[in-house]
Number of protein chains: 2
Amino acid sequence: MSVTAAKGFSAAGIAAGIKENGNPDLALVVNNGPRRAAAGVFTSNRVKAAPVLWSEQVLRGGEVTAVVLNSGGANACTGPKGFQDTHATAEKAAEVLAGHSAGEVAVASTGLIGLLLPMDKLLPGIEHAAAELSPHGGEKAAIAIKTTDSVHKTAVVDGEGWTVGGMAKGAGMLAPGLATMLVVLTTDADLEAATLDKALRDATRLTFDRIDSDGCMSTNDTVLLLASGAAGITPRYEEFAEAVRKVCDDLARQLIGDAEGASKDIRIEVINAATEDDAVEVGRSIARNNLLKCAIHGEDPNWGRVLSAIGTTKAAFEPDRLNVAINDVWVCKNGGVGEDRELVDMRYREVKITADLAAGSESAVIWANDLTADYVHENSAYSS
Amino acid sequence: MSVTAAKGFSAAGIAAGIKENGNPDLALVVNNGPRRAAAGVFTSNRVKAAPVLWSEQVLRGGEVTAVVLNSGGANACTGPKGFQDTHATAEKAAEVLAGHSAGEVAVASTGLIGLLLPMDKLLPGIEHAAAELSPHGGEKAAIAIKTTDSVHKTAVVDGEGWTVGGMAKGAGMLAPGLATMLVVLTTDADLEAATLDKALRDATRLTFDRIDSDGCMSTNDTVLLLASGAAGITPRYEEFAEAVRKVCDDLARQLIGDAEGASKDIRIEVINAATEDDAVEVGRSIARNNLLKCAIHGEDPNWGRVLSAIGTTKAAFEPDRLNVAINDVWVCKNGGVGEDRELVDMRYREVKITADLAAGSESAVIWANDLTADYVHENSAYSS
């Protein structure tokens, strides 16, 4: 499972003491080859954490031999010292994994913004993790990158003779602009970096880019895809891209399903839009409407809040042609009252909102969460 | 006080039975002249309530003799019947106030979206309100337009021989694009409609347009300014515009101070921006960051969430030159850790966030609220 489902990878997850509570906080993923092609997608937030700035440089080379990931601190907004710390992390990993260069070690961090990492714990932790590396270590690695996640998140899809697997973390600040949270995908397929990059961008555009738990974009979002070539097979692009998309979709859904304080997963499908961009813009506007998110929490099919959210967008539509269904009951027809709202059953965790713009034939699905008192509590009672 | 502080106006507020709980729900404001110049600013939400569509037409004529306002129903997303109901409301007011035309009667509604108004109660209510009209009725009118407001909101500024007064309602769905909620301002100054329009737009741009309680733009936002000319004085434009701005600012602050579930009023000042638009964009992005709003509720000076919000904007800035103060403590300097966050005292209702973009000399102030479990409760427990 996880990042070691594909052949040619080993991983470890340990407690280095970065988290004060002693929970696992350091993961190491190593590509044992024979190839070391890689692609990455990062946050579009202009305030980027040091490990994002570092890993963006590493990925330009198209090769990654190892990824060091830590929870317990985002190393964001930490100035030159924070960047030096990320550099030292990569150097330490390269030294421990003899024969590798720091320029091929990606780094990812997650946790509170604005604090320097305890390097006196992190650097020895890398040695410890290297000693624990195992072809069965994917699960432990996935556990070590958790922050407020209640469960660790992994996914695997098998192709014909090759595999794509991965792990993810993320429970809040979950509205990626180009990627989300920390995700490492691995495959044993034999592919060039450029092919990995295209498959990864095609997949994230339709998966991580279309979840929006709380409208807040992180400084640390990182999605990496590493290929070992150990399967000795080069799949057709379409098959491979489909497998990557499935793994990303699975992980993205797990992120929404475990979002901080959420009691509902909301599937927002915008249909009959003039363009796909319109559909995404409208979906995001609905996803970010706090009043609607509260209504869904209260199991109130308040379609007026859906319309008021649609009305703030620049998408093509006529107000008196809009239709909205909640759990398949068309409560709003032609911009006004439709079927009886009492028919809407909202008892289950998944709630489906369908917004028909009646302006074309494009569509998009955005996943979101409700807004709950638990979310407020989790994000006000202590720093995270 | 309120809309009858200026000479030449009468008003009434009564319970017409639109609200099921029997609270006041219908207000009537009448301009007795000699002039009836008026200006209006309306929501920029593209899904506009019937009374907004109606009143936009009325205001094109530049004259308003009366305003009918109801709480207990927004008459939004109600189709052709909803528009007919608004038209019938204006006709009824014109009939009752003999000698006036329906084309000079503005209508404003507030309450739940997607429900038709009970016209069998509203129309007799207009007769009832007309019978109660009084030059001292401003307070009652302000009370009758409340929805989830805990208090009614009025403001008055006196010029030299003339007055500007007004009333407002609004406690949620409070992120106006061009105006906010229902506001009626009156003056006895003797001014043309074009002058009123300019003063009103200049004022709303800096007041109602710069509050953002919950990021949700209403379908019903309406701000009207009526001039009776009864003082027989035409003030200098600058003096009058300043008075209008002060009344708007006072009312806007009252809206934020009474926002649903809020425990904090957050004054966000963006300084040293390259342009005023940049300052407003950054201020709004900070104002709408749910994670930050939760942190403020928890009295946690979490400046990392301020930076992650700034990073989502297109404003001119360099991440490593950003500075952030919370209640005057510069907790973030040059994009990294600044003064000790323990120095920040957040016990009081008003919290001040200063974001220094170090990119120019423009600035803007946005007012916002924190995000609380009470907000979630108030907006999930029942429809509003």
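A Cβ is built for glycine as well, from the same backbone N, Cα and C atoms used for every other residue.
According to TrEMBL, the feature substrate binding site maps to A:THR147, A:LYS169, A:THR180, A:GLU260, A:ASN379, A:SER384. A simple way to gauge crowding: the CB of A:GLU260 (substrate binding site) has 26 other CB atoms within 10 angstroms, across all the protein chains here.
Annotated active site, nucleophile per TrEMBL: A:THR180, in sequence order.
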Just to be sure I understand the packing, how many Cβ atoms besides its own are within 10 Å of the Cβ of A:LYS169 (substrate binding site)?
28
Among the binding-site residues A:THR147, A:LYS169, A:GLU260, A:ASN379, which ones place their CB within a distance below 8 Å of a chain B CB?
A:ASN379
Starting from each candidate's C-beta and looking 10 angstroms out, tell me which of the binding-site residues A:THR147, A:ASN379 has the most other C-beta atoms.
A:ASN379
